[in-house]
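**Q** Can you read through this structure? Questions will come right after.
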Amino acid sequence: MYLEGLEMIGVLVVVVVFVKVLEHFGWLGAGYDDSVEDELEQSAVRHRPEGLEQLEAQTRFSRKELQILYRGFKNECPSGVVNEDTFKDIYSQFFPQGDASTYAHFLFNAFDTDHNGSVSFEDFVMGLSILLRGTITEKLNWAFNLYDINKDGYITKEEMLDIMKAIYDMMGKCTYPVLKEETPHQHVEIFFQKMDKNKDGVVTIDEFIDCCQNDDNIMRSMHLFENVI
């Protein structure tokens, strides 16, 4: 996989992998039936999700799409929640030649919006709704939150370097050209040259969104997977 441009934004990596996860679990093109709605209300799982009507109002998925997603989620996660170890196991299946654990950790934290150590079905579909069907601004806000590891409202070079190393570790031997040890540092420098407009050493959400919206490659990538479900 060629990684040119990933110093700018990681949403594409997130979406590509989630499409793979959906296909692997049979969630794309899967059948549905009305019994799934009953399961949402009655199933004896550790975490019982909200009803379909509320999730339909909160996301950009239809009732039928939510039924498909919930059936797959429940099959893979009978307890009703995903913990970080399960998240890492899922990602390791798709990157066997690399180490996906660190990137999966960052991504898990982005989905675990209430920071309780688990991702519920609601957490999952809310994030997926943004990544697949959200506005450009919503997707970019989600990506910024992924990069802003300590959630202080700024992306530092150290945070960006941690994310880039995690992406490269995950890709392993699949990258082209073969990565050199200094490559993540070079990409971080490119990132900050483009985005840190006032040269204060950090990137704000406004700088991030403004730069991304003026990059044609990023804008094209934002629309690639809007209709995968």
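Including glycine, each Cβ sits where the backbone N, Cα and C put it.
Here's the feature list from TrEMBL:
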| type | residues | note |
| --- | --- | --- |
| DOMAIN | 99-134 | domain 'EF-hand' |
| DOMAIN | 135-170 | domain 'EF-hand' |
| DOMAIN | 183-218 | domain 'EF-hand' |
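Can you tell me where each of these features sits in this structure?
**A** Taken as a whole, the domain 'EF-hand' (99-134) shows an average pLDDT of 89 in this prediction.
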**Q** Go ahead and report the DSSP secondary structure tallies for the domain 'EF-hand' (99-134): helix first, then strand, then coil.
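**A** Split by secondary structure, the domain 'EF-hand' (99-134) comes out as 24 helix, 2 strand, 10 coil.
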